[in-house]
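Participant: Right, I'll just put the structure down here and ask away after.
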Amino acid sequence: MPDIAFVKAALPKSGTLVVPIAEGAAPAGLFAQADQEAGGALARALEAAGFKGRKGQATTLWALGGFTKVVAIGLGKEAELDAAAAEAAGGALVPALAQDREATVLADALAAPLAASLGLGALLRAWRFDRYRTREKEEDKPKLERLAIATADPNAAKQAFAPMRAVADGVFLTRELVSEPPNILHPIEFAERCKGLEKLGVEVEVMGLSALAKLGFGAMIGVAQGSQHEPRLVVMQWKGAPKGRRGAKPMAFIGKGVTFDTGGISIKPAGGMEDMKWDMAGAGTVVGLMAALAGRRAKCDVVGLVGLVENMPSGTAQRPGDVVKTYSGQTVEVINTDAEGRLVLADVIWYAQERFQPRCMIDLATLTGAIIIALGHEHAGLFSNDDELASRILAAGAAVGEKAWRMPLGDAYDKQIRSDIADMKNVGGRPGGSITAAQFIQRFVNTKDGPMPWAHLDIAGTAWSSKDQPTVPKGATAFGVRMLDRLVAEMGEA
Amino acid sequence: MLAIRFRKSAPEGGRAVLPLVAGAPLPEGWAASTAAAGFRAGEGEVLDLAPGPLLVGLGTPARLLDWEKAGVAAALALKGVEAVIEARGLGAAEAAAMAAGLALGAWRFEVYRKTPAEEAPPRAATLLVDDPAAARAAWREVEAAVKGCLAARGWVSEPANVLTTRDFVRRLRGLARHGIEVEVWGRKRLAREGYGALLAVGQGSASPPRLVTLRWKGRLEAPPVAFVGKGIVFDTGGLSIKGAQGMEAMRADMAGAAACAGAMLALARRNSPCPAVAVLAIAENATGAASYRPGDVLRTGSGRTVEVIDTDAEGRLVLADALHHAVSRLAPKAVVDLATLTGAIVTALGHHRAGLFGNDGALAAALAAAGEATGECLWPMPIGERHREDLRSDIADLRQCQAGRFLPDASHAAAFLEHFVGEVPWAHLDIAGVDTQDEAHALGPAGATGFGVRLLDRWVAMHHEEEDHHPVAGAKA
């Protein structure tokens, strides 16, 4: 990971230079100076190379004006230059600098917060997961160690960057958890890693099988019982509320953490099953979010709960046809053991309400294949019983480039999960498959004692990316960490 | 359609139907049994006290739609007898809405039954009202849309050996007697105009493709609204043939075209002032020696070329030519297409809402509102950048779809159609989940629903029937 430094706006004499340029903008500031010293060669070369300054456009020039390399990065239209555009530019420069150890970005034309956003974009894109590579050739490894961002006000940029850095660390923690293979990251190991948040000041509590059995987490235990790894419930509390607001209800985040999902007895086909290591991305996102909030010392109380299980077929596994009793007391007929995420969430969500009486509740889960068929990979599915909460989530997501799309709920869909033998069954058929999954979860949102604003994010299509995006390398995306960090900032800290 | 009468006093015979609002006093003499049966007059609740009255619950009715649904529930519950509905004390609009519901609920498709089914619905209904003349006038307003809806249900129900492309066209020509102009293009004309997508989809069938344009002049000096419908009279999937199970349902793959035609009929029957056109792309997607193939490249009427990936994604191909025809020849102020387009929309939204896509927020909001008002509910769905990127082809301007599992095919289809509408305000309704229902539902019995007819008719009534109501928006084509 490169070190991101903010330095005084001065033109280096040599080395690698990165120049962010808006669409159609004439050379200005330090870049104009560099171009002048090179006798106008830089601007001419960019024009010849067809560089227009379009968002994400990257053009590399070699050996001009005394520099080893000059990389021009498009910022897009000047009028639309916002944090997202600066982040995208920061992301776009990373692949262009794969073989450089150091580079200087001429960001003197950018306001300090935008210079910081550019640094954030670079950082987010530069992350990679190489723990299990033992023979990678030196030339294949990215080299970038230090990115110096030259800006008019380095102190202001540093200040703006500090909380971003904390959020990025949360993102990286999530990406790491999601990337870890399932033989390494089973529920017990996952819970151990959650303990790591204690050093940030998060209170972490881990409950094992006997505690869960005593509580009556019948649905979650049913999912876990086929695996040799015991289930874990991890409760994380960040108490950041300032004196005057202590005792206010916390916001609650709940994550599905199926560390590997074979489907259980309703076993999945072999093709693509390896992807099921990231069936814990909801939980991974909640853990990363807690790290982000604690890292930037968020000024409000937040609880995060993750239900960790492995869904395996075996002699002790749950069967289709089984009826389980959830912590809420409601019973569920298990029709398909591969619809296990909702069973885990049912118990954890009920517990979150009982214990914390949160002001609102948001759960994240790689819940259904149907949401990929509905929306694809650009939007997560958003279901909510509260229009205000839903629109705040949509807005927070749009602001950080983690987009959600509202999907419907309703009695007609709820009818699809009626059971002949229990209070409900765990699948409602193919039609509206993501909606009936959300209806199932909604049955565990307790509105008996007053409204309980709740939202469910189905991130099955967005937790993992098969291609590089400007600030997200392919693989684990950590979708949701930044969105919900923003949501907490706007709802809990404003 | 069942006969509807409005009278001041009850005729001889028939079953009394009592619509009841929640909390209203229960009918005298029946209070005890009603309470014993646990009847609470909730929405959709029905209690048959035969030989006494049939009670129909309304909950707390907020909209005329709730009265319609009560009419449907009554018609579904009554068997083979005339219904006498107690509507005295109700407004004319509520009474007419009940009548509409009775007609929608009593509809059956019985063309091919030698003896009528035992569970026959009522053949006639008398509504007892305070002011029959006012109720009749209100009924005339809503009757047209009901008749349009029932016509569409009939077409959708017809089996594909009867409703061939030619037969569908013959039936559409029958609309002329309502003042609708009907223009039909056959293969020669389609070839001359270069409508290669519609021709390709239809080329494997013995039943040739047709492009039908319906025109309703209206009275307003305004560009028309345009409806565009997918009319695949049977969809085998073509060479990318479908699994055998459930293929019989593919006789309904012309439900989009049927809905558009039904909406035109509704506008004509109530003499709507709004000029309207409908473009219906009619073909059979058959497997045969002449069928089009995966890998084929087609030249559409718009000039854009399309790489075929899956011959079972034929709807978007015929719509490409139909949409192009509508926007390039008919200068509409807005285009709404209806199609049983994708299985993906069923996975996404199930059988209770149709997918709503488009390029114009105001148009989408207006259609969604018309849908809520008529009980034909929509839900907005996205066309994202990724969906557009996914349609890049190595050999043609566009690929028709992607191949594989877990694909957002409804959004891909909408992103595909978007290329053929230009700048005109456009909405696309993917009605694959709502064109038929396996069980009786809030607006009718099991079978064809006629989904879209009443929605389109209502949308026109709400937004396009006043001279200056809506300025001509963006019709640059």
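A Cβ is built for glycine as well, from the same backbone N, Cα and C atoms used for every other residue.
Pulled these features from TrEMBL for this protein:
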- A:Lys268: active site (ACT_SITE)
- A:Arg342: active site (ACT_SITE)
- A:Lys256, A:Asp261, A:Asp279, A:Glu340: Mn(2+) 2 binding site (BINDING)
- A:Asp261, A:Asp338, A:Glu340: Mn(2+) 1 binding site (BINDING)
- A:336-343: domain 'Cytosol aminopeptidase' (DOMAIN)
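In the displayed structure, how are the listed features positioned relative to their neighbours?
Facilitator: On its own chain, A:Lys268 (active site) has A:Asp261, A:Thr262, A:Met276, A:Asp338 as residues at least 6 apart in sequence with a Cβ closer than 8 Å to its own Cβ.
Residue density at A:Arg342 (active site): 29 other Cβ atoms are found within 10 A of its Cβ, drawing on all protein chains shown.
Every protein chain shown contributes to the tally, and the Cβ of A:Glu340 (Mn(2+) 2 binding site) ends up with 30 other Cβ atoms within 10 Å.
A:Asp261 (Mn(2+) 2 binding site) has a Cβ environment of 26 other Cβ atoms inside 10 Å.
Per DSSP, the domain 'Cytosol aminopeptidase' (A:336-343) is made up of 3 helix, 0 strand, 5 coil.
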Participant: Return the residue, from the listed binding-site residues A:Asp279, A:Asp338, with the maximum count of other C-beta atoms within 10 angstroms of its C-beta.
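Facilitator: Answer returned by the neighbour count: A:Asp279.
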Participant: Would you kindly give the Cα-Cα distance separating A:Arg342 (active site) and A:Asp279 (Mn(2+) 2 binding site), rounded to the nearest Å?
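Facilitator: On Cα coordinates alone, these residues lie 12 Å apart.
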Participant: Could you list the residues of the same chain, at least six apart in sequence, whose Cβ is under 8 A from the Cβ of A:Lys256 (Mn(2+) 2 binding site)?
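Facilitator: The answer is A:Asp279, A:Met280, A:Gly282, A:Ala283, A:Val306, A:Gly307, A:Gly341, A:Val344, A:Leu345, A:Asp363, A:Leu364, A:Ala365, A:Thr366, A:Leu367.
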Participant: Using DSSP, would you call A:Lys268 (active site) helix, strand or coil?
Facilitator: coil
Participant: In the same chain, which residues outside the set A:Lys256, A:Asp261, A:Asp279, A:Glu340 have their CB within 8 A of the centroid of the CB atoms that define the Mn(2+) 2 site?
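Facilitator: Neighbours within 8 Å of the Cβ centroid, excluding A:Lys256, A:Asp261, A:Asp279, A:Glu340: A:Val223, A:Gly257, A:Val258, A:Met276, A:Met280, A:Val309, A:Asn311, A:Gly341, A:Val344, A:Ala365, A:Thr366.
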Participant: Hey, for the Mn(2+) 1 site built from A:Asp261, A:Asp338, A:Glu340, who else sits with CB inside 8 A of the CB center?
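Facilitator: Other same-chain residues near the Mn(2+) 1 site: A:Val223, A:Val258, A:Thr262, A:Gly263, A:Gly264, A:Ser266, A:Lys268, A:Met276, A:Asp279, A:Asn311, A:Thr337, A:Ala339, A:Gly341.
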